[in-house]
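Asker: Input: one structure, supplied below.
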């Protein structure tokens, strides 16, 4: 190779410019750490196609993929949180609300919709964990009560997907009151003979697990979901004992009778639809009959 060819030999040139890959194209599984194509993961309902790990899912996306596409109507969207106590810790509560609304694209931590599931009428709600850890404040409680009222008005079942760290500390006693408020609303639903399906997703903790999340006529856990009241370390320090591995996972809770079944997210529509048809004595051409087994 001549000196001139050496100068123009492109194989010796190393580009310093990085390949332009749009943000969000790839996602790493939080369990097996495989790099996944985001569009494929979304089509698979945020379940890893490699290891079946159920990743956290946006509340609105969950409801849109759970309910039938036609006839969905949002309930309680007009309710927005207010800083009544003028609460301030390291940051003003008012500022925390604004930041959470911007990052989550939701006005609070619960989204409620009325619609149909496999052509059967239903009201469904889902917690948005990215909004202050899915914490339950006065707006979450009020929206849940509206969901119960809508189910009673339409004489249909209620489904709730929980994903929460518990009561919202910035609302103090008002947030704790939501535990009683939501429980009382579910008692009204029960008196009407309408079923409540509680789906416990990762994580369901604190005041939400101690109230509405465990009051389902049928309590369903997603695979390996973290479900409990206090964290492992707090419990071990209190009881002064070592606790079994995975004692707050849905599989352990199913084994010990705390929940009724574990259902893969990709099968949730058919499973709940079948249970709804059976419990309300309705028929739908889209429902596959259930045998009642776990």
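Keep in mind that glycine also has a Cβ here, set from the backbone N, Cα and C atoms.
Feature annotation from Swiss-Prot assigns domain 'CoA carboxyltransferase N-terminal' to 25-294. Annotated zinc finger per Swiss-Prot: 29-51, in sequence order, evidence recorded as sequence analysis. Annotated Zn(2+) binding site per Swiss-Prot: 29, 32, 48, 51, in sequence order, evidence recorded as sequence analysis.
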Asker: Determine, for the Zn(2+) site, the additional residues of the same chain whose CB lies within 8 Å of the mean position of the CB atoms of 29, 32, 48, 51; present them in sequence order.
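Answerer: Filtered neighbour residues, in order: 30, 31, 33, 34, 36, 49, 50, 52, 53.
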Asker: Across all chains shown, how many C-beta atoms besides its own are within 10 angstroms of the C-beta of residue 32 (Zn(2+) binding site)?
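Answerer: Residue 32 (Zn(2+) binding site): 12 neighbouring Cβ atoms within 10 Å.
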Asker: Here the binding-site residues are 29, 48, 51; which one has the lowest number of other Cβ atoms no more than 10 Å from its Cβ?
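Answerer: Minimum Cβ neighbour count within 10 Å, taken over the binding-site residues 29, 48, 51, occurs at 51.
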Asker: Across the zinc finger (29-51), what are the DSSP residue counts per state (helix, strand, coil)?
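Answerer: For the zinc finger (29-51), the helix, strand and coil counts are 6 helix, 4 strand, 13 coil.
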Asker: Report the mean pLDDT of the predicted model across the domain 'CoA carboxyltransferase N-terminal' (25-294), rounded to a whole number.
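Answerer: Reported value for the domain 'CoA carboxyltransferase N-terminal' (25-294) is a mean pLDDT of 95.
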